[in-house]
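As annotated in TrEMBL:
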| type | residues | note |
| --- | --- | --- |
| BINDING | Tyr43, Gly68, Cys69, Ser70, Asp98, Asn99, Asp126, Ile127, Asn141, Arg207 | S-adenosyl-L-methionine binding site |
| DOMAIN | 66-167 | domain 'Methyltransferase' |
Amino acid sequence: MSDFDQQPDTIFNTPQQKVASFTFDSAVARVFPDMIKRSVPGYAETVAMSGIIAGRYAQPGSNLYDLGCSLGAVTLAMRHGIQAAGERAAGCRIIGLDNSASMIERAEHYIALDEGNVAVEMVCADILQYPLDNASVTALNFVLQFIAPEQRLTLLSRIAAATLPGGALILSEKICFSTEEQLLQDELHLDFKRANGYSDLEIAQKRSAIENVLIPESEQAHIERLKAAGFRQVIRWYQCFNFVSFLAVK
Ligand SMILES: C[S@@+](CC[C@H](N)C(=O)[O-])C[C@H]1O[C@@H](n2cnc3c(N)ncnc32)[C@H](O)[C@@H]1O
Ligand SMILES: O=C(O)C(=O)C[C@]1(C(=O)O)C=C[C@@H](O)C=C1
């Protein structure tokens, strides 16, 4: 078996004395496809539709960014989505960025196996530092939730400033709700994880690992901030339990 073969997520399945804060290290990178599929309701649809949206908003000679790309699932969906856009995708370049070296190393392997003809570059860098420009489409899927709340508006404003008129941002996030709805959505998310084979121990230890690391915000907070950052139109195009995806157009 090659180290790149898909492996099951067993990271939290044995009792840990003290659960460490969650990081995107090599152990997580190795099991990431299994982990995210079993943890994020609607993940496969979000990835696939990010490719469709990229196809609609691509502009010739522009950059498309997949910020916090992990293993490049959205990078590849964008590559195939814009190939279908014909002339509008002429001269486009897709840049996948992640600050986890383990993720980028594995992403490069998967991209090399893909037979697309749009240029793709994978970069190990901090999205808070990396210069962005000439962007037609940017994806920020399940990443902003890991950025310190006080840095979120600055990042979104930089993305908006780098976006061409008529360009788009796809923002996917775990969100929070009013107390009453929160209880219901939490139960449904727990049921989803259990149905995907996670034990109560795994669920509890993961919850403690992501506490204060993954900080969700309300739908309203996201929409208001996207508008404050410089996007003209914002819609929630998808929701599956407590995970949503917004489309913001400049
Ligand atoms: C939940 S994963 C994203 C999943 C991916 N977008 C997808 O759809 O498959 C979050 C990723 O964001 C990356 N990340 C978090 N903070 C970052 C930062 N400041 N700069 C670059 N990448 C970051 C992590 O390393 C991790 O790979
Ligand atoms: O909210 C949870 O319980 C999760 O497991 C979510 C989440 C995410 O949204 O990124 C957290 C970390 C992993 O990357 C996969 C899923």
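Residue positions begin at 1 at the first shown residue.
Glycine too: its Cβ is placed from the backbone N, Cα and C atoms.
Just so you know, TrEMBL annotations are computer predictions that nobody has curated.
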Looking at the binding-site residues Tyr43, Cys69, Asp126, which one has the fewest other Cβ atoms within 10 Å of its own Cβ?
Asp126
May I have the DSSP-based helix, strand and coil counts for the residues of the domain 'Methyltransferase' (66-167)?
45 helix, 26 strand, 31 coil
Which value does the mean pLDDT take for the domain 'Methyltransferase' (66-167) in this predicted structure?
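Averaged over the domain 'Methyltransferase' (66-167), per-residue pLDDT gives 97.
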By a simple count, how many Cβ atoms lie within 10 Å of the Cβ of Asn141 (S-adenosyl-L-methionine binding site), its own Cβ left out?
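Excluding its own Cβ, Asn141 (S-adenosyl-L-methionine binding site) sees 24 Cβ atoms within 10 Å.
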Considering each pair of residues in Tyr43, Gly68, Cys69, Ser70, Asp98, Asn99, Asp126, Ile127, Asn141, Arg207, all listed as binding S-adenosyl-L-methionine, report the largest CA to CA distance in Å, no decimals.
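Largest pairwise Cα separation, rounded: 25 Å.
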Among Tyr43, Asp98, Asn141, please name the binding-site residues whose Cβ is nearer than 6 Å to ligand 1.
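So the answer is Asp98, Asn141.
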What's the number of neighbouring CB atoms sitting within 10 A of the CB on Asp98 (S-adenosyl-L-methionine binding site)?
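A 10 Å sphere around the Cβ of Asp98 (S-adenosyl-L-methionine binding site) contains 28 other Cβ atoms.
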Could you say whether, by DSSP, Tyr43 (S-adenosyl-L-methionine binding site) belongs to a helix, a strand or a coil region?
helix
